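A.B. asks: So TrEMBL says this about it:
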- 37-55: transmembrane segment (TRANSMEM)
- Gly43, Val46, Asn50, Ser289, Asn321, Leu386, Asp389, Ser390: Na(+) binding site (BINDING)
- 67-88: transmembrane segment (TRANSMEM)
- 109-136: transmembrane segment (TRANSMEM)
- Cys148-Cys157: disulfide bond (DISULFID)
- 233-250: transmembrane segment (TRANSMEM)
- 282-303: transmembrane segment (TRANSMEM)
- 315-339: transmembrane segment (TRANSMEM)
- 374-394: transmembrane segment (TRANSMEM)
- 415-441: transmembrane segment (TRANSMEM)
- 447-468: transmembrane segment (TRANSMEM)
- 488-510: transmembrane segment (TRANSMEM)
- 530-550: transmembrane segment (TRANSMEM)
Amino acid sequence: LTQPVTPDLLVSPSSQDGDLGSECPEDRGNWTGRLDFLLSCIGYCVGLGNVWRFPYRAYTNGGGAFLVPYFIMLAICGIPIFFMELSLGQFSSLGPLAVWKISPLFKGVGMGTILIVSLVAIYYNMIIAYVLFYLFASLTSDLPWQHCGNWWNTELCLDHHVIKAGNNTLPVNISNTVSPSEEYWSRYVLHIQGSSGIGDPGRIRWNLCLCLLLSWTIVYLCILKGVKSSGKVVYFTATFPYLILVMLLIRGVTLEGAWKGIQFYLTPQFDHLLSSKVWIEAALQIFYSLGVGFGGLLTFASYNTFHQNIYRDTFIVTLGNAITSILAGFAIFSVLGYMSQELGVPVNQVAKAGPGLAFVVYPQAMTMLPLSPFWSFLFFFMLLTLGLDSQFAFMETIVTAVTDEFPYYLRPKKASFSAVICIALFLMGLILTTEGGMYWLVLLDDYSAGFGLMVVVITTCLVVTRVYGMKRFCRDIHMMLGFKPGPYFRACWMVLSPATMMALLVYNIVKYQPSEYGNYRFPTWAEVLGILMGVLSCLMIPMGMVVAVLQEEGTLWEVGVQQASRPAMDWGPSLEENRTGVYVASLAGSQSPKPLMVHMRKYGGITSYENTAIEVDREMEEEDEEESM
């Protein structure tokens, strides 16, 4: 028998001898277990925001009534965009940069995503460093923020234990006093009194610096082998927080005065629903809580097998995330209710959001409980595990995006490249460990993932539905899952989701407020720097367009823009056995004679990528005409 000859059409230009082994990039790899992907998504979405943002947002926006706009916004823009990101990643098996083979003209969207994720990763790991600091501080018989009288305390410090021991029958005015936990946070951990503002960072706090180094080391060791290692770590980091949350919840609801806090958290105030602010707040909570637009979902899905049921996974993760947020609210507000009763003040005077809740209010509440170091350690260990798997996703997004762009050079050295990224981000984060580091953290938190992220998500939605085409996208999903998305998803992708995102963007711009931390107002130059952070991620889109058009030959509009907006010829499933229909044998270096024959019969022996693209477009147009008749 004669050996089959590979037709010239199927041999890439760089390997005319037909030996393609040395030219193929190293395999990307896949998740090694069935639950790796699902738990990674849950760990990524269920983060610090579920504990310290959702409960506060709920009680300030109508209590239990807030759940109405919350779940409506989840249905309109949460679930559909979540499913869209997973579909793009799984279909192409590409990261947030290379996935823009779907329309190379908009590759700048991917560049904007990477910029946003990098900025967020810098300050997010600093928050994990704070958590580590408190975790180590809890390994003692007497919590250091329990009493006044330490070198960092001032005359304003008021110890609730002293008030209780004095058996005061009259209510104590605490408005002009400071709790020991607040002074521990600001004067000892941050040592913020050593800085006059954002322009005066002061000295590096070496204990914080070492905690930041430790947090980056933990992250690196967990992503060392990509999803093969992080996919195993999430079995612990994604599930253990639930165990601790249930323990804190049971302990919280058994405390005296707990019902007072829960009532405050969930009492519905339906008049709030008439306010547009409440609906915007609900959409913002969904937007940031699910982590859409950061590239993490797309990256995780790109390591799936081609026929993974991401439709089912979408509902499991999104609804699980919402339920976790509500549970966290019970755990937090039951303790705040007990705390308000102990201090003899209303719940709204002790309720805070963000770092104020995690590092001041809740630690103070822990000191009022028996076995306070134990409960404190559990709480901060929960925050550590919640934060770490979100950070894994940010790092995996950056590393995957760049290695997919340069697979021949970087994939074999992925561990070394990950180390370089971690070291670079650690060095950039050193300013956050200074005495004025909190000012920089607030600036990054307010601007790095603000309107820039919304522009990225809106553009992605519009490109997939308008430029690439809803019909094509639904056909791709049909190839993967065996069914096309229903009217609900199509309506959301075409109209509802982008319209909601646009409303969010306009609201953010119209209601813009300068950053502040406590009583400190940021100077104008810091505001401008923050706005530039957001604008730069948006500018990546037109910059990417210019580069894409310049790479095309011919006139600007007729060839340049049209050709650059058309999917690249190697766009589609990464494995040849999954490339059916219009994707058959369109991979450079394809060696399967059978798909070739199908391709030849279908397209009449076309031998160039350009002609194939024209034929594919013509076929799509014919299908559209047939369906409209």
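Every residue, even glycine, has its Cβ placed from backbone N, Cα and C.
Curation does not apply to TrEMBL; its annotations are automatic.
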A.B. asks: For the transmembrane segment (447-468), which partner among 67-88, 109-136, 233-250, 282-303, 374-394 gives the most CB pairs under 8 Å?
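C.D. replies: Answer is 109-136, with the largest number of Cβ pairs below 8 Å.
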A.B. asks: Determine the most Cβ-crowded residue among the recorded positions Cys157, Leu386, using a 10 Å radius around each Cβ and all protein chains in the structure.
C.D. replies: Leu386
A.B. asks: Quick one: Cα separation, Gly43 (Na(+) binding site) versus Cys157 (disulfide bond), in Å?
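C.D. replies: That separation, Cα to Cα, works out to 38 Å.
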A.B. asks: Given the recorded Na(+) site (Gly43, Val46, Asn50, Ser289, Asn321, Leu386, Asp389, Ser390), which additional residues of the same chain have their Cβ within 8 Å of the Cβ centre, ordered by sequence?
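C.D. replies: Filtered neighbour residues, in order: Ile42, Tyr44, Cys45, Gly47, Leu48, Gly49, Ala238, Pro241, Gly291, Thr324.
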A.B. asks: Who are the chain neighbours of the transmembrane segment (282-303) in space, where the CB to CB distance is under 8 Å and they lie at least 6 residues beyond its ends?
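C.D. replies: Tertiary neighbours of the transmembrane segment (282-303) are 28-31, 37, 40-41, 44-45, 47, 49-50, 53-54, 57, 61, 66, 69-70, 72-74, 77-78, 81-82, 85-90, 92-96, 99, 110, 113-114, 116-117, 120, 227, 310, 317-318, 321, 325, 390, 393-394, 396-397, 400-401, 449, 453-454, 456-457, 460, 500-501, 503-504.
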A.B. asks: Which listed range (233-250, 374-394, 415-441, 488-510) shows the maximal number of Cβ pairs under 8 Å with respect to the transmembrane segment (37-55)?
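C.D. replies: Comparing 233-250, 374-394, 415-441, 488-510: 374-394 has the most Cβ pairs near the transmembrane segment (37-55).
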A.B. asks: How many neighbouring Cβ atoms, not counting its own, are there within 10 Å of the Cβ of Asp389 (Na(+) binding site)?
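C.D. replies: For Asp389 (Na(+) binding site), the count of other Cβ atoms within 10 Å is 25.
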A.B. asks: Using Cβ atoms and a strict cutoff of less than 8 Å, what residues sit near the transmembrane segment (109-136) while being 6 or more residues removed from its termini?
C.D. replies: 48, 96-100, 189, 207-208, 211-212, 214-216, 219, 293-296, 355, 358-359, 363, 376-377, 380-381, 383-384, 387-388, 390-391, 394-395, 397-398, 401-402, 425-426, 428-429, 432-433, 437, 440-441, 444-445, 448-449, 452-453, 455-456, 459-460, 463, 533, 536-538, 540-541, 543-544
A.B. asks: Among 67-88, 415-441, 488-510, 530-550, which stretch has the most Cβ pairs under 8 Å to the transmembrane segment (315-339)?
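C.D. replies: If we count Cβ pairs closer than 8 Å to the transmembrane segment (315-339), 67-88 scores highest.
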A.B. asks: May I ask which residues of the same chain, at least 6 positions away in sequence, place their Cβ under 8 angstroms from the Cβ of Val46 (Na(+) binding site)?
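C.D. replies: For Val46 (Na(+) binding site), the qualifying residues are Ala238, Pro241, Gly320, Asn321, Thr324, Leu386.
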